[in-house]
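Here is what TrEMBL records for this protein:
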type: DOMAIN; residues: 1-34; note: domain 'WW'
type: DOMAIN; residues: 47-75; note: domain 'WW'
type: DOMAIN; residues: 187-243; note: domain 'FF'
type: DOMAIN; residues: 348-407; note: domain 'FF'
type: REGION; residues: 541-570; note: region 'Disordered'
type: COMPBIAS; residues: 546-555; note: compositional bias 'Polar residues'
Amino acid sequence: MSSESLWKEAKDTSGRTYYYNAKTGQSRWDKPTELLSEQELILTKHGWKSSKTSDGKLYYYNSETKVSRWELPDLPEFRKEYEKEGVEEAPETRGLVHEDIDKYANPSQILNTSKKPKDEAKKEFIKMLQDNQVDSVWSFSRIISELGSKDPRYWMVEDDPLYRQQLFEEYFTSRSEEQLLKERTETSKFSEAFLEMLKTKPQIQYYTRWSTAKRLIVNEPIYKHSVVKESVKKQRFFEYVANLREEHEKSQRHLKTQALKELHDYLENIMFSSNTGRTDNDNDIPLIKWQTLTNNYLFEKNKRYMANKHFEVLTYEDVLRVYLELMKKVEKNLEEKLTAIQKVNYTKDRIARDNFKQLLRSPDIKIRANSKWQDIYPLIKNDPKFLQMLGTSGSSPLDLFLDIVEEKSITIAAQRSIAQNILIEKRFQWNENDLDINREIIKSHLRNDGQFTNVDNYDQDLIIDQLVQLQGERQKKQKLLEQRTFEEKKYFFKSMLRRIYGVVKPKPKTWEVALSDIQHTREYRELTDEHVKKKMFDEFIPEAPTTRSRTSVSHNPKKRPLGPDIELDY
């Protein structure tokens, strides 16, 4: 590898140009000889160097004679070059040039600063830093930009940026206790400068850790020479990163809001566009299944979707949420349409019900308390009033029919109660053997009473049928009650025989002998049928006596008898 290729040009984080040796790792501010152009080599040979002012204007200065100028110096090598090109300068022109040079000579103290011995120049440089109140919040790039362009003492030091930076570092290490104490009290000043320094580090992002940031700022003067505690620096870093994170999140929220709006328009255009299979008919439902949407219009399945860079911040859930919002909009529109239709149909349905009720109460259709739907259906099935009821909301034709039947049944039940009171007043007695006679007598009583004048024969027959039915049910209940009472008397009579005739007293052989023992008992008197009592006596068999072991414990009747399957827990 040639020596020319070892030196490389680079820029630091502040944009300043420096040069480093790829092999040795050496770095320097001034351009190495190996990288100088032919013109720069000629200038260096005669003690000239080129530089730029703070506003970027090129000038030339001689480090030996301390002369500076804007034009390229008139050197023999350059004149020979002109002669080779056949350019000859006229004497009057040459004189004019020198005259112009004197006319436009720059009297700036910075450009005409004289060099001083190293020790004296060092003192002047340190004095310059003190006079300008340079502290740890200053960076060396700030020294170059601010002091190098206005203070001549900056240029008294030999033309070596690395040496100037070395003096800058020594200045901080030699500060007095008073200066250090003063800097400690200026925490707010440090905070502002420290944050400004962090802003010059594009590598520090909202996710950067303190350990990573320290490696980036370890050589910065404000970090390296500041007397502020490490915890304060760390806290300021966290505040800076928190601001970066807040700005990032704010930017992401803004970007996501914009992306959601564009996604809403994108999906709305798909779901409500005729290109997706819908027509212009307002009655069409813009319904696209989620699976169909994802397979054809979303994510990597659709180039148009992927072409929108804003959609990259959206998640699967975000897209689904927007889709559901649009579906809710569709659902709301359908509900509004349905409500409007229901409002229109409500009046029609009410009129249809009223007309059908009039039909049911018309003289041609006589509905009774015992009427059935199949009885009237043949009469109304072709009537327009019935046909208009079909498909309406609310009560059905059957419901309206049953309402009238129930109304008639309530009326008949009330009239039946009146009829029962009339029969009680007439002291009517039921004939258990002939029901027809009962019907005729009841009917005559009802006809002669003024309360049944407006009740037709059909309804009177219904009332009489219900009265007869109720009487039959009462008689049936009475017979069941008498039968149950008779069986209880038989049971008590048998229990009495078991109590009297047993181990102590044997059963007599004849009924007549037994009468003297049992005819004084209550059970004998309550069972009035002599034939039944005699039959039960003849069929009665006393219980045989049971033998008990003398060693057995006497029976305690108060204890609950235990079966063989009962297990005791003691």
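A Cβ is built for glycine as well, from the same backbone N, Cα and C atoms used for every other residue.
Helix first, then strand, then coil: DSSP counts for the domain 'FF' (348-407) stand at 36 helix, 0 strand, 24 coil. Within the model, the domain 'FF' (348-407) carries an average pLDDT of 88. Under DSSP, residues within the domain 'FF' (187-243) fall into helix, strand and coil as 39 helix, 0 strand, 18 coil.
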